[in-house]
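I have placed the structure first, in the form of structure tokens, so that the comments after it can refer back to it.
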Amino acid sequence: YFFRFENITFWRTQAAADEQSDKEHGTGLIQAVIFEAADRNNIGGSAYGGQRSICCTPDLAKLEGCKQGEVIRIPSSTDSKWPMVLNIYFGGNDLSTSMDNAKVPIMKTGMYNLFFIACDPKLKGTTMSGKTVWKNPDGYLPGRMAPLKKFYVYMMIAYLLLSAIWFSQYVRFWKDILLLQHCITAVIGLGLFEMILWYFDYSNFNSTGMRPVVITTWVVTVGAIRKTLARLLILSVSMGYGVVRPTLGGLTSKVLLLGATYFLASELLDITEYVGTINDISGRARLFLVLPDAFLDAFLILWIFTSLSKTLEQLQVKRISAKLDLYRKFSNALAVAVIASVAWITFEVYFKATDPFNERWQSAWIITAFWDILSFALLCVICYLWAPSQSSQRDMHTRKMSRTNLMMKKLNL
């Protein structure tokens with residue numbers, strides 16, 4: 001596999017160019033440094049045990065034998081050609097210089113880094129344009145993303161199996177279907193569609209080297225809708241909708257407002273993180289977008305468990321043992337999901353904090369995959385507990401009759 005430079009051009013400031021004569025050669029040096037993460041200590045050095053410097057200083061020139069004003073390079077113990085340093089010079093008083101469209105072959109699997117470094121202080125303020133193309137043996141997908149392509153195939157199969165089981169019950173008892181079960185069907189359909197779109201997004205990226213903006217926008221939008229609908233479904237179930245109460249009553253507008261807010265927060269975060277990008281967005285921008293999403297999730301969890309507590313209390317008072325047992329199972333599943341989420345967030349923070357150079361890139365895909373697996377597992381629990389059956393409408397009818405009888409008794413009084 002390889003990576004190559006395409007149309008790389010550097011521009012220095014007018015002041016820096018004016019200091020040079022038009023007859024001189026090599027009036028400014030920029031170096032492209034390519035190295036594997038494991039060889040990062042082979043770039044730079046320190047004089048007398050002091051602070052490490054990437055560029056060769058007068059003291060380091062005496063100690064290390066490096067050339068002053070250039071990047072310090074120590075050959076790797078496994079391959080003397082690495083780390084690789086390519087020199088790009090400005091000529092005379094030119095404002096710009098271009099780099100050859102060179103292709104660099106890579107023979108060893110690893111996490112490779114590319115830096116453009118100017119040790120000359122006169123080149124401060126230099127800008128650049130162009131791109132680099134990186135290709136792995138199986139395509140253009142970065143190594144940390146490549147396993148996700150196969151993962152989404154397995155997720156598609158899982159959603160297809162769940163869809164087949166759910167729809168067989170759905171068709172069998174279609175006359176007794178509740179609105180709640182229509183919502184579950186929508187979540188399953190959106191989940192399947194999302195996994196298909198993710199697969200096509202990664203496949204296109206792998207074959208062309210470019211993230212298709214249209215497909216990626218579609219997939220993050222479908223994902224945001226699916227996540228929003230799934231959260232509102234769990235909230236509605238926790239409130240007893242379809243089991244204890246036929247409608248949400250005055251809470252409907254609040255639930256819909258929360259759903260719209262969550263959708264916007266999730267959509268903005270995912271579009272910024274995925275659409276047209278390959279690397280992670282900057283920490284400050286990501287923090288700005290993650291905080292609203294995290295706050296809304298925390299608020300939803302609090303509301304869900306508060307509603308669950310009230311629903312369980314109502315069922316205990318009414319002594320409806322079958323539904324009480326169902327809601328206890330549901331609350332236990334939710335508690336496990338929340339504990340697993342907190343534990344995984346802790347692990348994710350530890351994983352990233354202890355791997356600043358992405359040396360564990362081969363297992364980084366699991367961080368993303370876990371959330372899809374957890375969402376699917378919770379959806380399976382909901383499908384199991386609220387599967388279509390003949391008793392669905394009968395229970396709803398029984399509740400309506402009970403309320404009617406209660407009102408009749410009050411009127412007789």
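Every residue, even glycine, has its Cβ placed from backbone N, Cα and C.
Marked as domain 'GOST seven transmembrane' by TrEMBL: 147-393. As annotated by TrEMBL, transmembrane segment applies to 151-171, 178-200, 212-234, 246-265, 285-309, 330-351, 363-387.
Residues 180, 183-184, 186-187, 190-191, 193-194, 197-198, 200-201, 204-205, 255, 258-259, 262-263, 266-267, 270-271, 274-276, 297, 300, 304, 334, 375, 378-379, 382 of the same chain sit 6 or more residues outside the transmembrane segment (212-234) yet have a Cβ under 8 Å from a Cβ within it. With a threshold of 8 Å between CB atoms, the same-chain residues lying at least 6 positions outside the transmembrane segment (151-171) that come near it are 177, 181, 184-185, 188-189, 191-192, 195-196, 198-199, 202, 365, 369, 372, 376, 379-380, 383, 387-389. When Cβ-Cβ distances below 8 Å are used as the criterion, the transmembrane segment (178-200) is approached by residues 148-149, 152-153, 155-156, 159-160, 162-163, 166-167, 170, 215, 218-219, 222-223, 225-226, 229-230, 232-233, 236-237, 241-242, 372, 375-376, 379, 382-383, 386, 388, 392-393, 396 of the same chain, each at least six residues removed from its ends. Residues 234, 237-238, 301, 304-305, 308, 312, 360, 364, 367, 370-371, 374, 377-378, 381-382, 385 of the same chain sit 6 or more residues outside the transmembrane segment (330-351) yet have a Cβ under 8 Å from a Cβ within it.
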